[in-house]
Structure formats: structure tokens, C-alpha cells
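Contents: one structure, followed by commentary.
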2 protein chains.
Amino acid sequence: MQLNQRTVFIVSDSTGITAETFSHSVLSQFSKSFEFQQIREPFVTTDEKAKAVAKKINEIAEREKNPPIVFSTLVKQDILAYVKESNCVFLDIFGTCVSQLESALGAKSEPTIGMSHLSASSEAYRNRIEAINFSLAHDDGQFIHGLKEADVILVGVSRCGKTPTSLYLAMQYAIKAANFPLIPEDFERGSLPKTLQPFRNKLFGLSIQPDRLSEVRNERRPNSRYATLEQCLYEVAEAERLMRREGIEWLSTTTKSIEEISTTVLQILGLNKSSY
Amino acid sequence: MQLNQRTVFIVSDSTGITAETFSHSVLSQFSKSFEFQQIREPFVTTDEKAKAVAKKINEIAEREKNPPIVFSTLVKQDILAYVKESNCVFLDIFGTCVSQLESALGAKSEPTIGMSHLSASSEAYRNRIEAINFSLAHDDGQFIHGLKEADVILVGVSRCGKTPTSLYLAMQYAIKAANFPLIPEDFERGSLPKTLQPFRNKLFGLSIQPDRLSEVRNERRPNSRYATLEQCLYEVAEAERLMRREGIEWLSTTTKSIEEISTTVLQILGLNKSSY
């Protein structure tokens, strides 16, 4: 079946990242019959820029004989008006919720441009960059002296997803996430690495299905012993046994995205950090 | 002035990350009179979980003598109903846009749980993890053999923000972002590092105000020559001169968040990558 084509504009006075993520969720509900082509218009902060976007929308509407869909987070009414009056299906993504809240809270909203992300000069933003640097410096068991400052220490066998998860936790939640590999020596000794023992309450385990692990390791080091299914079966079984015995909470990353893993880590460790 | 306190629930059948980011943008418009305390309820996929959330909402409503505000991305109507019927200000963040689109497109939506983020088994997701690994491996001029595969190569003086931006580009847009430092030897020679010359069209420069750079470097290496204002003034002036001469587009990161920098990089280099 031929899908219907529609052009989608993401129009924002800031980065438009919130609007874009939002639009993906909404549009996915129409993906059986439509295919969407996206155009991003960030930093639309002046009348001139808004007029240029409106012009582009009108041109595409004419060419495609269909009005484009516009996801807007514009807050200034005069700028918004230019875009809204173009030939489009205009979706003011914050508008409805803001109106509902005005009634419920009995207060007027005060729209400010570019409030979606914290300003780069705020302390919160600096904490976030610090967390990214921390997670990079404490990747893969490096630089163990900072572990006492970590909010969480991810443990698991090599290539089970610790590094991308640590970076996501840092980037999205300003969480100082170290990660530490569990290796055959640990399994032979039958205990956690000594370095980790003082930090038991910060540990969270990641595991993975052995066949998937073997696939991932083969991409990295083709035809190595490290990548054999046999080795992966052994390491995963031992790592899970160790985590069970040590009472470390863990989850399998096999079918989970870094967003899902990170959300679960926050939930289980009770880390009440706000998202960016 | 004492701010009014309100409890906010983020209720989702998936991670709730979209809902949380959305809620921050909306709530920031009420931040002059209200202070919000957030409770995250991800993975609400069953009647039981929905009932438990509804119970928690009702308890808080009673204790605070005010109904909590609920930002919901629940799509299944029966699960949603439990939460909606609790004592709360219920905001169905996708609902209004979905209804508007149903009319505009003349099509019924097909709600699916957890569509906000790509599934971990999709090719797109694997590309994203590959981009993160690429950016890590090509941080700070390391491992130069992969530069021909890079989508973008960020250049600039040490500590101007290249690493967090590279990781954000990889994580949010699956962009393979390498980064490469510009160092005093390059300024003395008066040309780009040889390694970079074949990739001129992928280069994007980051700069920073010298006093801010000195601050950042001092946190890293206190009282070093590297961190002196004098050295920072020299390096920034030379780097900007080099980039101007070589025709490399650049921006100042001093007051910009990684979201703002990344959005600008995409815009200027014309990289049409979709966000996650």
C-alpha cells in the first residue's frame, strides 16, 4: 500500500527538541497510513524569521496540494500569529495544557522564550556537564578514586551496555554514573572487585542475553575467543550468579533502550533527579 | 514571597521522558508563583499499576488539600481511565494534538504503548549506539583513522565544549561526531592539522570567551599555565583567526547549552538527522 506523504514542520523559538520528540510520539499513531517528512525550524525568535517560515509553509502547501502539519512551541503571540496564519494544520503543543493549568491553578502563565532547556550559565547546567565529564572519566573501571562521588556505579560484563547508559544518565539527569566491568577474575575469585565493596548501595547490574552479547562482541573483535558464544554464556551466567549472591539489583539490557534502562535504574535506586 | 506548592505526577506507559521534558516547559510558565514537586511514574502498563498510581494521587490530594497535576502520555483508554478518575488536574499531553490530527488527516489514530522511543532492537537504535561508540572512540583527536566515517568533526581549543557536544549529537541524533583539538602547534604553524585537511566540509568550530575558558581550565588544572587568562586569550584569538582564515563555520559556546550548540551545528551543516 502506498502511504500518504505529509510534510511536518517543527517550529520553535528555542531548539525545538521537545517539539520534535513530542511530534514523533504523536505521528507514530498515524504511521500505518502516512509517511512524514520533517523540516526543523529552530530559533524562530523574530518577526522576520517567522515570516520566512510562513512563506516556506505556504510554498510547500501549494506544491503538495496539502497543508503541512506544524508542531509549534512558539510562545510569543505576535511571532506565533505569522506561522499560524499560514496554510497549515497548526498544533500549539503547549497551548492546551497551559490553558487548562491557568484555570486549574487560578493563575496567568508567563510565557518566556526558550525555557525548555536550562540556561547554559545556570548551576544546574554546570552540574550536568560535570556529570558528563565524571562519567567519561569513570568509564570501564578507570580512575577509581572518584567512586565515592558517584551517584550510581553500573556493573556487568564487557559490552553489556554500561557505557552508553552511564552517559545517558549523566546527560539527561546530571547523574554521576561510573561503570565497572565484571571480568573472569572476579568470577574465579567469586566476589566483587575489592574496589567496589565499599559502594554496595550504589551498584546496579546490567546483564544481556549471551547470543546478543556474542553478536556485539563479534562486531568489535571478530573471531576472538572473547566473542564466542561459549565465552559469553560463561560470563553472563557467572555475572548473574555473582550479582544474585551479592544482592545487587540488575536488569537485562537485551531488548531495552538506554532510556528504558536509565528510567529503571532511577526507579529502583530511588534517585530523584530531574530530567533535562 | 512564599510560593504555592503543588505536586506533579509524570505518568507514562513508557519511560515518561517526553512527558517530563514537556512538563518542564509548561510548568516554567507558572514558576513565578508556584513551586512544583515532581513524582515520576514510568511503565504504567497494567490496570494494577494504574490503580496504584491513582491511589497515590488521591492520598496526596487529601494530604495537600489540592489535587496534584498529572501529565499523562497513557494511550490505552482503560488504563488511562483509572488515573483520570483520581482527584487530579489531568493533562493528556498527546490527546489534543492527536484529535486535531485525526480531523485534519481524516484518519483514526492507532495508539500503541511505548512508541515514544525507538525499540532497542531496531536498526535505527543500533545506529545510535554505534554513533555513541564512534564519538567516544574519536574524542579529542584519538583514533584518527575513522575520521572519513564521521558526519561532523568539531574543532576548537581544549575545554571549549567539544566532548559533551559530540556525545549529545551521537545520543540525540545518531550523528557520528568526532572532535579534534586545536593546539598551540597549529597556531604556530598557522594551518589546520594535516589529518583534518581532507575533511574540511565536515568541520565545525567551537569557541568560547577566554575568561570562561580560564575558569573551566582552572577547575581541571588549578594554577597551571594552561589555565591562565593570558594563555586562554592567546589560544582563543589564534583559534578564531585560524577558523576564519580556513573558512570554518563556528560559534561561541559560552552561553549556549549542548542542545543549542547541537541544533545550530545541524542547521549550519545541513545534517537532516531525526531526533530520538
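Positions of Cβ are set from backbone N, Cα and C atoms, glycine also.
Feature annotations, reproduced from TrEMBL:
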BINDING   B:Gly156, B:Val157, B:Ser158, B:Arg159, B:Cys160, B:Gly161, B:Lys162, B:Thr163  ADP binding site
| field | Members of the binding-site residues set B:Gly156, B:Ser158, B:Cys160, B:Thr163 whose C-beta sits under 8 angstroms from chain A | value | B:Thr163
| Given the ADP site residues B:Gly156, B:Val157, B:Ser158, B:Arg159, B:Cys160, B:Gly161, B:Lys162, B:Thr163, which other residues of that chain have a Cβ within 8 Å of the mean position of their Cβ atoms, reported in sequence order? | B:Asn179, B:Pro181, B:Leu206, B:Ile208, B:Thr253
| remark: The sparsest Cβ environment within 10 Å, among the binding-site residues B:Gly156, B:Gly161, is found at B:Gly161
| message | Please report the three-state DSSP label of B:Ser158 (ADP binding site). | response | coil
| B:Ser158 (ADP binding site), number of other Cβ atoms within 10 Å | 16
| request: Give the sequence-ordered list of residues that share a chain with B:Arg159 (ADP binding site), lie 6 or more positions from it, and have CB atoms under 8 Å from its CB. | output: B:Ile208, B:Leu213, B:Val216, B:Arg217, B:Arg220
| message | Tell me the coarse DSSP state (helix, strand, coil) of B:Thr163 (ADP binding site). | response | helix
